[in-house]
């Protein structure tokens, strides 16, 4: 497979590796971006395991809670400007209200909102506002107590990041603190048990390869892996993360002190995982001039 400059740039952007190292990683792994990242980490050439997904889409995430049921909905637009539009915000709020009774994203799009489906309401809004829009995704959660939080709010209940936290016991103030923590730190799962076993095994293998590069005895390597995986879990699982409100405690320990059990969470961020293709404007103009 031919390794292009764009592929090298993407790998450099996601790992902080040098140009020649990035090119070699792609060559060694036949252009497989994910395998190239692991190769760089194994060789100690990646500055950090940065997330390769680039956020590009605009819009708003809205959260709604009714009793022990909460929903979060992402509605995308082409520009950030539309997210500040009162008509767009009103539509997003209406969609979130409807989402409280929807089972999934398809049911939400087909649900009634003011005499028309949500999907048709969005199509009509496109004609009025003049930008392409879409109801991209929704997530829901149930629990004894459900608390919501919006980061970078554009209007009540909607902003760039929406979080829902479900707890048994504890008070609303603690739930709000946990929701703010989740917005800031973005844990991958509630606990180790909730992580994809394949992801855990892959991380363990990467750490094993890194440790073996040191040339240390196998018994020492095994102890190194235990320590490194413990550190990994403290970084990606909510209950094991250092609590932003009190860094001396893990979130799990803070929950015990608050008399609460955290049973789940939802975190949606606008544009998460969507990549937009950036056109080279100068090249486009040059091409047009040449005919």
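Cβ atoms here come from the backbone N, Cα and C positions, even for glycine.
Within the set 79-82, 83-86, 87-90, the record from Swiss-Prot flags 79-82 under the feature region 'Involved in Mg(2+) ion dislocation from EF-Tu'. Beyond the ends of the region 'Involved in Mg(2+) ion dislocation from EF-Tu' (79-82), by six or more residues, the same chain brings 58-59, 88, 129, 131, 133 to within a C-beta distance below 8 angstroms of the stretch. Across the range of the region 'Involved in Mg(2+) ion dislocation from EF-Tu' (79-82), the DSSP-based residue counts are 3 helix, 0 strand, 1 coil.
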